[in-house]
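Peer 1: Pasting a structure here, questions to come.
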Amino acid sequence: MIQVLLVIICLAVFPYQGSCIILESENVNDYEIVYPKKLTVLPTGAMNSPHPCCDPVTCKPKKGEHCISGPCCRNCKFINSGTICKKARGDDMNDYCTGTTPDCPRNPYKD
């Protein structure tokens, strides 16, 4: 299974306006960290379109939305508690969404 890394970078384009750019990559090393004032061309794979969950001024979830991205975030809302966010491999155990965060917390019953 190929996992896609979503990195959200908020750039201050103008004093009162920002933009949320999402970089998609299978490998974090595909992208370099750039300073917003020096960014002229987006890296390969970057999408410079408004993210439906992101307030472009604050680069936080829009009013009424819970999250922007993450394994437990879908359509700007937290995924229901108890939903598997990471399937077990081998002797491992499944990890589950909590319903209160976009992150996939480690199962507390794991060693």
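One is the number of the first residue shown, and numbering goes on along the chain from there.
Backbone N, Cα and C define each Cβ position, glycine as well.
The following feature annotations were taken from Swiss-Prot:
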| type | residues | note |
| --- | --- | --- |
| SIGNAL | 1-20 | signal peptide |
| DOMAIN | 47-111 | domain 'Disintegrin' |
| DISULFID | C53-C76 | disulfide bond |
| DISULFID | C67-C73 | disulfide bond |
| DISULFID | C72-C97 | disulfide bond |
| DISULFID | C85-C104 | disulfide bond |
Peer 1: If you measure from the CA of C97 (disulfide bond) out to 10 Å, which disulfide-bonded residues from the list C53, C73, C104 are inside that radius?
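Peer 2: Checking each Cα against C97 (disulfide bond), the hits are C73, C104.
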Peer 1: Near C104 (disulfide bond), which disulfide-bonded residues out of C67, C72, C76 have their CA within 10 Å?
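Peer 2: Correct set: C72.
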Peer 1: Mean pLDDT, the domain 'Disintegrin' (47-111)?
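Peer 2: Summing pLDDT over the domain 'Disintegrin' (47-111) and dividing by its length gives 86.
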Peer 1: Just to be sure I understand, if DSSP states are collapsed into helix, strand and coil, how many residues of the domain 'Disintegrin' (47-111) fall in each?
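Peer 2: Helix, strand, coil within the domain 'Disintegrin' (47-111): 0 helix, 12 strand, 53 coil.
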Peer 1: Please work out which residue of C73, C76 has the most C-beta neighbours within 10 angstroms of its C-beta, and give that one of the disulfide-bonded residues.
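Peer 2: That would be C73, with the most Cβ atoms nearby.
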Peer 1: Give the distance between the Cα atoms of C73 (disulfide bond) and C85 (disulfide bond), rounded to the nearest whole Å.
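Peer 2: C73 (disulfide bond) to C85 (disulfide bond), Cα-Cα distance: 10 Å.
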Peer 1: Which ones in the same chain are close to C53 (disulfide bond), with CB under 8 Å and 6+ residues apart in sequence?
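Peer 2: Long-range Cβ contacts: P61, K62, E65, C67, I68, S69, C73, C76.
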Peer 1: Does anything in the same chain, at least 6 positions from C72 (disulfide bond), have a Cβ under 8 Å from its Cβ, and if so what?
Peer 2: F78, I79, T83, C85, C97, T98, G99, T101, P102, D103, C104
Peer 1: Let me check the 10 A CB neighbour count of C104 (disulfide bond). How many other CB atoms are there?
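Peer 2: Result for C104 (disulfide bond): 18 neighbouring Cβ atoms inside 10 Å.
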Peer 1: When the number of other CB atoms within 10 A of each residue's CB is tallied over all shown chains, which of the disulfide-bonded residues C67, C85, C97 has the maximum?
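Peer 2: Checking each of C67, C85, C97, the winner is C97.
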